[in-house]
Amino acid sequence: MGCCNRRCGLIAGAVFGAVVAILGGILIPVGKSVIEGTVEKEVVIEPGTQAYENWVSTGVSVYKQFWFLDVQNAQEVLQGGAIPVVVEKGPYTYRTRYLPKENITFNPNHTISFMLPQGAIFEPSMSVGTEDDKVTSLNLGVAGAYSLVPKPLHAVLENLIKASNSSLFQNRTVGEMLWGYYDPLLKDNIGLFSPYNGTYDGIYNVFDGKDDISKVGFIDRWRGESVLQFWGDKYCDMINGTDASSFPPFLDKKPLYFFSSDICRSVSAGFEQSMDLKGIEVYRYVLQPNTLASPTVNPDNQCFCRNEVITNNCTLAGVLDISSCQAGRPIYISLAHFLGGSQSLLENVKGLNPSEKHHGTYFDVEPTTGFTLRFAKRIQVNMMYGPSKVITVLKKVKEYTIFPLVWMNETASVDDATADMLKKELISRIEMLDIIQKALLGTGVAIFVLCLISYCVVRRNQSKIV
């Protein structure tokens, strides 16, 4: 009778262990489903969700740092055709994206329309000097006129340059270069980012994700159009992905796509590595190497080549001519210090030292929610000038030169309070559920195996007695 009770107890123990193990196994898909449901509910862009609060007004401080490329040998370039030598001067830091979205409208097709106001507040404590600091840089008026005025009219332009006492280079304050000044040649106010304060970055339509979470944050329209009007090509004019502030949840390390109005095109970023950010696992994404590759390397970029003469038959890598979305101004966008660009870019201007660590663009994204928790978007603004037999200040110029004016680093990182909230509301719950699942599964299997072995031992001993 005792042996029977012992065997029955072991069988019951094995059954109990199996039940516990099965419960742990069941919790895995059930828990995953619960987590996914909770996340999907919170990342939808609608009033009451965590995503909406952060979407309307950025909860963290976003800064733009500017480094000017200060010309050291302006007279030697003008008088002897020397290669320009530049020295980096900065950063001059501004707080941006501090204004909430305006005119938010929810549309029947599960999109949200809004306007994105632009503003910049100077941060002296994060800068090397004041906005009154002087820099020697390319004359924006002369470079702009050189590209806009046809060669047959360069004699007229020469007279205007002389009459306005303009030269190829100029000495201006940081504030003037960024936000504008009166140019005597063009007789107008010009600047690299003028106008800026009080303006808007177009009208956006983005998907709220309510009917399809895989499209949450995706841009449906920009400035009322579903495609761009800059490139005259179906591929180059596509608006892909989000604005990079967030992505759809449950990332799988595949490339992410986003649209940037700064460069007038969509680009992609590839997974590089997993990292720890304040106790939160994030996926780091970096720009794909072929983003600014020449069409000879990446044929998809053929439609971004606007001038075969300046780009050496579209073989030049590392720069993007965005004049078509800059009212014809000869603006070329690149990565900072021409990172990833052709060697000729570095040979035509001395003093640049590209580094992936200091000049690369990256996004650190929390993979479950798709929220971007840290980023550094680094872009360089350049203008072009070239040789001329008529214009005096350009007679010594030998080659078309894409000249670096300033590079900027737009950056932000999740603060401690937000990180703690995210860990408490999401990460800790996922980890706790994982611990419970593993504990139940492990304990159940251990009890089942132990009871099964013990049962076998008891049966064998009983058979020997019989």
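Note that the numbers count up from 1, one per residue, in the order the chain is shown.
Each residue, glycine too, has its Cβ placed from N, Cα and C.
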| field | Whichever of Cys314, Cys325 is disulfide-bonded to Cys305 when TrEMBL is consulted | value | Cys314
| message | Going by the disulfide annotation in TrEMBL, which one of Cys236, Cys264 is bonded to Cys325? | response | Cys264
| task | Enumerate same-chain residues with a sequence separation of six or more from Cys314 (disulfide bond) and a Cβ-Cβ distance below 8 A; give 'none' if the list is empty. | result | Ser294, Pro295, Thr296, Gln302, Cys305, Glu308
| remark: Cβ proximity for Cys325 (disulfide bond), under 8 A, sequence spacing 6+, ordered by residue number, returns Leu228, Phe230, Cys264
| note | For the disulfide-bonded residues Cys264, Cys303, Cys305, the largest set of other C-beta atoms within 10 Å encircles the C-beta of Cys264
| message | As a test of the contact definition, list every same-chain residue at least 6 positions from Cys236 (disulfide bond) whose Cβ is closer than 8 Å to its Cβ. | response | Leu228, Phe230, Arg265, Cys303, Phe304
